[in-house]
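K.L.:
I have a structure here, written as structure tokens, and I will follow up with some questions on it.
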Ligand SMILES: Nc1ncnc2c1ncn2[C@@H]1O[C@H](COP(=O)(O)OP(=O)(O)O)[C@@H](O)[C@H]1O
Ligand SMILES: O=C(OP(=O)(O)O)[C@H](O)COP(=O)(O)O
């Protein structure tokens, strides 16, 4: 029996209003979803609930809106993409609480699916504010959390609701936890982690514990720049959180004490503009021009990363090594992904990767199916790896 309640425990839900927290924080370019993996992964839960006659009300966030509602962060286009993936109509309400949401829910028939607007249009969501949670709960009889990739957030829609309504883990939440336990519960050493991407401030603290769990930590992407700057390297106009230099230094100290190797880029692909076709050059990491941005790790670094992948028995990866959405800055990510996939196929590596953009990058490289396991989660996956309790999972425990 699972440690938490699953859809096997949900009972008769015919005609019931089921609030389902999903992660629709998918990569989007020019208004189009560029990787639908997160939508595909929630399809089984939605089909099961709808098939049992529930009114399925989806709750989700999109991006990190700062100032309330804005079209840029609306879930409306994602409702259309969700309908396409599910192959069935998905209604949309332009608010997640109040009369607009209430009327849309009241108009639902058994089996219908409705997506409510971005929960993060309310600041109260991220504060897990009890009054806001009650407003969300007003539209449901039951809560199902299928957003493992947002389970590291103690927000109203990920944690608070489970205190107010009978609550269950969705099929994806269940599958993610089971797959991670199977792949990484007792990992074969050496364990090598690759961490890149752009969410530096929200992920850097995780590295403090991660260096105690892995034998080597390869740092690429935007994350590397903060470490390079902390070490005194001039990273020009690169994405870099200079105020996090003390944290980066402390992580390097902790890593040395734990015997974890830290691998930083020795070269980078530098451009002056962040756009397709921008002129770029590969330079030694000590030679980044003042007006340049490192948008990918360079060829020498790619070789070094390949050597670490060869040494690894287990690979854990979150965060692309460069701005892979724009060629040619996808080069290092694609090369490392193909290398890890080949080792996995040869039976020499257990490879587990996760994160909304990381999954998109592996799909872009054409190797997502060759990894041992691909999680929808990035930050949540790293926190799980750290052994940290995930609020959205903990609250579902029996
Ligand atoms: N050197 C870089 N400079 C700017 N952005 C980068 C760089 N390297 C990677 N990125 C960006 O990081 C983003 C993904 O980061 P993140 O959200 O942390 O990953 P995930 O969604 O897989 O958890 C991508 O959009 C990619 O373009
Ligand atoms: O995309 C997500 O996480 P990820 O980038 O770590 O994979 C989740 O939707 C969580 O989003 P958040 O990091 O804005 O809370």
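Including glycine, each Cβ sits where the backbone N, Cα and C put it.
Keep in mind that this is a model prediction, so the values were computed, not measured.
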K.L.:
For the ATP site that TrEMBL gives with 325, 355, 356, 357, 358, which of 127, 182, 203, 212 also belongs there?
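P.N.:
So, going by the record in TrEMBL, that would be 203.
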K.L.:
Among 88, 120, 171, which residue does TrEMBL annotate as binding substrate at the site that also has 23, 24, 25, 38, 61, 62, 63, 64, 153?
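P.N.:
When TrEMBL describes the substrate site, the candidate it includes is 120.
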K.L.:
Among the binding-site residues 23, 63, 120, which have a Cβ atom lying under 6 Å from any atom of ligand 1?
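P.N.:
Near ligand 1: none of them.
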K.L.:
Rounded to a whole angstrom, what is the largest C-alpha distance between any two of the residues 38, 120, 153 that the record assigns to (2R)-3-phosphoglycerate?
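P.N.:
This binding site's residues have a maximal Cα-Cα distance of 18 Å.
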K.L.:
As a check: which entries in 25, 38, 63, 153, 325, the binding-site residues, place their Cβ less than 6 Å from an atom of ligand 2?
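P.N.:
Result: 25, 153.
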K.L.:
Could you measure between residue 120 (substrate binding site) and residue 356 (ATP binding site) for me? Cα positions, answer in whole angstrom.
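P.N.:
Cα-Cα, rounded: 18 Å.
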K.L.:
Give me the long-range Cβ neighbours of residue 358 (ATP binding site): same chain, 6+ apart, Cβ under 8 Å, in sequence order.
P.N.:
197, 317, 318, 319, 320, 378
K.L.:
Quick check on the binding-site residues: of 63, 355, whose CB has the lowest count of neighbouring CB atoms inside 10 Å?
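P.N.:
Relative to the other binding-site residues in 63, 355, 63 has the fewest Cβ atoms within 10 Å.
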K.L.:
Please list residues from the chain of residue 203 (ATP binding site) whose Cβ is under 8 angstroms from its Cβ, counting only those at least six apart in sequence.
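P.N.:
Listed in sequence order: 195, 197, 223, 318, 319, 378, 379, 382.
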